[in-house]
Amino acid sequence: MKKSILLIIFSLFLACKSAPPTISENISAPEVGLITENAMVVSARAEASQIASDIMKQGGNAFDAMVATEMALAVSYPFAGSLGGGGFMVYRKANGDIGSLDFREKAPLAASKDMYLDESGNAISEKSQLGSLAIGVPGTVAGIFSVHEKLGSLPIETILAPVIALAKKGYVVSEGQAKSFNSHQGLFGQVNKTSILYTKSFKTGDTVKNLALAKTLQKLADNGRSEYYGGKTGEILVDFIQDNGGIITLEDLKSYETVWRKPITFNYKNLRVISMAPPSSGGVALAQILKTVEKFPLQEFGHNSLKTIQVITEAERRAYADRSYYLGDPDFYDVPVEKLTSDSYLDVRMENFSFDRATPSNSLKHGAIPGYESLETTHYSIVDQFGNAIAVTSTLNGAYGSKLYVEELGFFLNNEMDDFSAKPGVPNMFGLIGAEANSIAPEKRMLSSMTPTIVEKDGKFWMSVGTPGGATIITSVLQTILNVSEFGMNMQEAVNAPRFHHQWLPDEIRFEPNSFDKEMLQTLEEKGYNINEKDSPILGKVDAILKLPNGNLEGGADRRGDDTAIGF
Ligand code: DON
């Protein structure tokens, strides 16, 4: 038993460390992104960007393209795309209307606060990370139908047809994917009772056809949302989960609802930022950090300079300390959003900041934890030819989620339950800790860091941006916005630029390796900052679109992955 737990921990460690190239190996990334006149999709896979761009060329809008992208990623990017996950969409319509959709997973009705604790009250992280008990009630399928119903324009059959064709014809495995599939074989075998579509050794260029998923998608096209939330597909799913020891019931699926939420909005100089509200911490933390750093002349300090890094780090440290305590599902817990993002509160938070010395994290809150981040979420940005813009981040949480794969339906199931705080002060897989605000309760949504964001400049659409990266999502989005607004980079340069991250605990600054000035890092150390250049080969995988002054769109597709911009 002990051995298998060790094996799981080691495999999770390997999964997270597995091999995306370092940013310095990625210098072949282009310096200017794709430029188009009308419309663009930037996503984690060329197949998804292509299908969604074609949908818009056929006359579809960004919301139709959202449905196509989300489903095409479920086919071609099983690492994070799936019919078994959840996410958030932020949008800005051409007429300036804004909104957001919460299709985050929920805790099952039978979930309980202490479900991941052993008899001695210790948290057993494998239980919330691997296999059937880790699964939150999926929201993705409800999400695409909510978007389609309210904002879509083409028939769902038309949107899903090319996705179904892709699942039948197959997608071509990239080098990164082959490595990733192969490095997860052990966990796939351990979690699943039988072999699955992904139980074999892969090489670059292999074709993966997913006929089971094609069939499931066809049923969704024919029968709509209820096919999954209570219909035949739902029954198969629930039987499968229960057969594997899980607690999700048909009742859970039937009672799942998406929520249209008011986004977080705030100003940063002449920009208006529109981002995701709780149950994501993304918008609140982004507001806290940007509003704090706004008071400093970052441009004068310079990009990735000592002072810029100090200011951003100290703002991040304080925001993440607040995140761990105050943030959770607003349907269950009163999150003090106004207070946390008010200028007066933020000023007080920075009162003890000094350029001379780091503020130790344990002087803000207690705790010492391990932590790491990885990229098992996916973000895409879309702008259509009508001027609608969307930013969507969706996830299975860990790589391939719980690793449990529904062979009959063709997709992996999430392990989103690990985003709850299993026990106050005990870190989750991203090293994040939480408190009562994010404790487990039936039907509650687990706190997220996903930060799909749209930025307006002078009242007009300017940028759509987001990324995977667990706890590092917020800080990667932040730096991408600043890279353009403060440091004058174009969209692709802003995405390419090396990134750093601080999340209060552990009390360290993560840097992408070999990409920052050594002397500056040494000065930071002398000032009391802990430097970690080895544990994050890459930070984030940002996909963004910028509206240029002449009205064209520039894509920023992150070459840290297979991400691709396509448009017309
Ligand atoms: O919602 C969240 O914050 C996490 N489930 C996101 C996970 C993620 O980004 C994994 N990839 N890095």
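Every residue gets a Cβ built from N, Cα and C, even glycine.
TrEMBL does not curate its annotations; it predicts them automatically.
Some features that TrEMBL has for this protein:
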{"type": "SIGNAL", "residues": "1-18", "note": "signal peptide"}
{"type": "BINDING", "residues": "Arg104, Thr395, Leu396, Asn397, Asp419, Ser448, Ser449, Gly470", "note": "L-glutamate binding site"}
{"type": "ACT_SITE", "residues": "Thr377", "note": "active site, nucleophile"}
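Here the features listed in TrEMBL are placed on the structure.
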residue	record	DSSP class
Arg104	L-glutamate binding site	coil
Thr377	active site, nucleophile	strand
Thr395	L-glutamate binding site	strand
Asp419	L-glutamate binding site	helix
Ser448	L-glutamate binding site	strand
Gly470	L-glutamate binding site	helix
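Other Cβ atoms within 10 Å of the Cβ of Asn397 (L-glutamate binding site) number 30 in total over all chains. Summary of the L-glutamate site environment: with the site residues Arg104, Thr395, Leu396, Asn397, Asp419, Ser448, Ser449, Gly470 set aside, the chain residues having Cβ atoms within 8 Å of the Cβ mean position are Gly86, Thr377, Glu416, Met446, Met450. In the shown protein chains, 30 other C-beta atoms lie within 10 A of the C-beta of Thr395 (L-glutamate binding site).
Here the Cα atom of Gly470 (L-glutamate binding site) is found 8 Å from that of Thr377 (active site, nucleophile). Taking all protein chains in view, 27 other C-beta atoms sit within 10 angstroms of the C-beta of Asp419 (L-glutamate binding site).
Binding-site extent for L-glutamate: residues Arg104, Thr395, Leu396, Asn397, Asp419, Ser448, Ser449, Gly470, maximum pairwise Cα distance 15 Å (rounded to the nearest whole number). Other Cβ atoms within 10 Å of the Cβ of Ser449 (L-glutamate binding site) number 29 in total over all chains. A Cβ distance below 6 Å to any atom of ligand 1 is met, among the binding-site residues Leu396, Asn397, Ser449, by Asn397, Ser449.
Cα-Cα distance from Ser449 (L-glutamate binding site) to Thr377 (active site, nucleophile): 11 Å (rounded to the nearest whole number). Cβ-based neighbour count (10 Å, all protein chains) for Arg104 (L-glutamate binding site) stands at 30.
Neighbour count (other Cβ atoms within 10 Å of the Cβ, all protein chains): 28 for Thr377 (active site, nucleophile).
Here Thr377 (active site, nucleophile) is positioned 7 angstrom away from Leu396 (L-glutamate binding site), judged by their C-alpha atoms.
Cα of Asp419 (L-glutamate binding site) to Cα of the residue listed as 'active site, nucleophile': a distance of 13 Å. The Cβ neighbour count for Gly470 (L-glutamate binding site), using a 10 Å radius over every protein chain in view, is 28.
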